[in-house]
């Protein structure tokens, strides 16, 4: 009897000790995570309005870090990272326009497609317009839903380089402030095709340095010194990755994607594969294509979320998938300016 009691006390003592160790470990883990959150706040300049908001955001941050680490422990072709969106729930990220801003087209007026008769078998196996000097450095749209302007400008910067030999960083802010009489509404969203229409009517765009980006809507400033122009624009036939390849082989192309998935939110590197939505909400630019070391074919894309997102601001998404709409819908509404 005495031995049984002693054994019971020993077991209870072990359980209490284990519980204490686990509790201490949880406190230690929480303290480490809190310190990580503080470092993240400093890195991205995040300031919360009060302690309650900070506590809530910390819980979101902690959950997102757990998701990222769990995903990266799996068998995937790409990986995730803790970036500037780490204190947003996916619902917040998905429904906010502050980091995206593409408005899907309800009706697309048919245009020509100058690359229709290009022999796809004669195209290069890989294309990267960065190596041809046709891509400006990564930009950051910040808290303004004007991805449409960044996408249109990047595509225009590319064709201007290819047609004139000059790579010029052009003004997104001119579009944000001045292209407001149609579908495009500055930080509230817009369409790349409408941006191209405005640029044609406006006689071009001025430079980034002459009309710098402000990440906010403002009054249109009178600028008469447009430094680059386009003659028109064309839509790539929808839901046709082969047609998109023909276009991208010849110039950077604006594309729209569904950028709301958590894997897109926290994308860090590799070739994005797997399931993805097609509710288009974000405009980016296809600047090439290629094949990864494991044989996976991919599109090379330029985003406008700064260099801390993705592969220094760029993204690779699987190419030629079974869904004709393309990965995250990127083949649904591609277009490009003409010079």
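Positions of Cβ are set from backbone N, Cα and C atoms, glycine also.
Residues or ranges marked as active site by Swiss-Prot on the basis of sequence analysis: 147, 282, 303. The disulfide bond annotation in Swiss-Prot covers 144-187, 178-220, 276-328. The feature signal peptide is assigned by Swiss-Prot to 1-23.
All features noted in Swiss-Prot, drawn onto the structure.
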residue : record         : CB count, 10 Å
144     : disulfide bond : 25
147     : active site    : 28
178     : disulfide bond : 21
187     : disulfide bond : 21
220     : disulfide bond : 13
276     : disulfide bond : 23
282     : active site    : 25
303     : active site    : 28
328     : disulfide bond : 32
Candidate recorded positions 147, 220, 282, 303, pick with smallest Cα gap to residue 187 (disulfide bond): 147
Cα within 10 Å of residue 147 (active site) - qualifying disulfide-bonded residues among 178, 220, 276, 328: none
Inter-residue C-alpha distance, residue 303 (active site) and residue 178 (disulfide bond) (nearest angstrom): 23
